[in-house]
Structure formats: structure tokens, C-alpha cells
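Colleague: Got a structure here, written out as C-alpha cells. Questions coming.
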Amino acid sequence: MKVIAITGRSGSGKSTVSAYYGSLGYPVLDADRTAREVTRPGGPCLAQLCDAFGSDILLPDGTLDRGCLAARAFATPEGTRRLTDITHPAIIRELLDGVAAAQSTGVPFVFVDGAVIVGEAFEQYCDAIIVVTASEREAVSRIVLRDGISKQAARMRLAAQTPEDVLRAAADYIIANTGDGRHLRAAAQAVLERLLAKETNGTKEKT
């Protein structure tokens, strides 16, 4: 079984691609959901995050105020790296457990959806990388609508993430999201067919 990463900057539409593959019966692991699990009360990361970014990143009920944490962590490269250093080891452990569980399903692929894969430790476990791209204008609009934050905060989040040219250079497959859902699903299906063909004939390709 192959591990296929689906990555892209926030607002690129990678989750839509992941949902499409999930609808076809393929296991899909969500790194963002895993990040929420490891930062829940009693989880392995919450106390370290409070030490690093202040105890006021907690809501009155003791759960993490993700907006507050994001504003502090993504404000500087150092903050972003500190967030990564605290959370990624725990996230990777959980994802690898999920990959191991997916092996029993008998499918050829397990997909891992995550914004921060390229250049990070989990990349070494991936057999191929799909990068979903979108224009910054479209990405900002989606982030604002999805997360209820300002355009400035959305741009700050994008600026703290891996540059798109770096993602493209690491990609085995690129899906350009133009904002048309039907086109996005068709592009995702085309990549899936190429992955299946690669499994059959053992060739590797980039696009």
C-alpha cells in the first residue's frame, strides 16, 4: 500500500480533493484533525503550547483557542517553527498509526491530507505527493469564508506557510483549482487514474 500526501496552502481546495477520494472508498487521514486531537485537553501537546505561547491561548473551558494560537504562532517564522516542533512529532505518531490501520483494508493507497508536509518529517513516509494550487485571491477568499477571519489574517497565515513554488517542486502531481468544483473533481480523478496506472506498470511520472 502506498501513502499519498495531498497538500497545498490554506484555501487551495486540498480538502475537497481528499473528500473526493474518500467518497470513492479510499482511506483518508486528516492531519488537521489529528492536530486538533493532539492539542485537546489531556493531549500530548497542550501544556507545551501554553508554555511556549502563553496560558491565555486557552478558552475559559480549558480548550485551545485556535484563533489566538494561530495569530501568535504565525506572526513570525520563529513562532511557526516552534509550533511545528511541539505538535508535529505527536501528529506523525498518530498518522502512522492510521496508516498501519489502513493497511488492513486492502486498498492500494491511503491519502494523507495536510497543509504542512513538504519539507517536514512526515514527507519521508510518503510515496507520492499531490499538490493542490489556487490563486492567492481565491485562497484568501476561501479562508475568510471558512474561518471567519479578516483578509489580513488570512494573508498572514498564507505568508507563514510553505511557498507555492517549493510545493510545486516537490510535487509528483499538481492539481490546479480554478474554483470550478466539477473541474477540480475531474482533475482529481485524472490523478487517481495515473496513480493506479503507475501501480500497474511500475513507472513514475511528474507533472
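Just so you know, glycine gets a Cβ as well, placed from its N, Cα and C.
As annotated by TrEMBL, ATP binding site applies to G11, S12, G13, K14, S15, T16.
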Colleague: Specify all same-chain residues, apart from the site residues G11, S12, G13, K14, S15, T16, whose Cβ lies within 8 angstroms of the center of the Cβ atoms of the ATP site, ordered by sequence.
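Modeller: Close Cβ neighbours, site residues excluded: G8, V17, V132, A134, R142, N177.
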Colleague: For G11, G13, listed as binding-site residues, tell me which one has the smallest number of other Cβ atoms within 10 Å.
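Modeller: If we count Cβ atoms within 10 Å for the binding-site residues G11, G13, the smallest count is at G13.
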Colleague: For the binding-site residues S12, S15, which Cβ has the most other Cβ atoms within 10 Å, all shown protein chains included?
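Modeller: That would be S12, with the most Cβ atoms nearby.
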Colleague: Let me know how many other Cβ atoms fall within 10 Å of the Cβ of K14 (ATP binding site).
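Modeller: Other Cβ atoms within 10 Å of K14 (ATP binding site): 25.
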Colleague: Taking DSSP as the reference, which of helix, strand or coil describes T16 (ATP binding site)?
Modeller: helix
Colleague: Which chain-mates of T16 (ATP binding site) that are at least 6 residues away have a CB under 8 A from its CB, listed by sequence?
Modeller: N177, G181, L184, R185
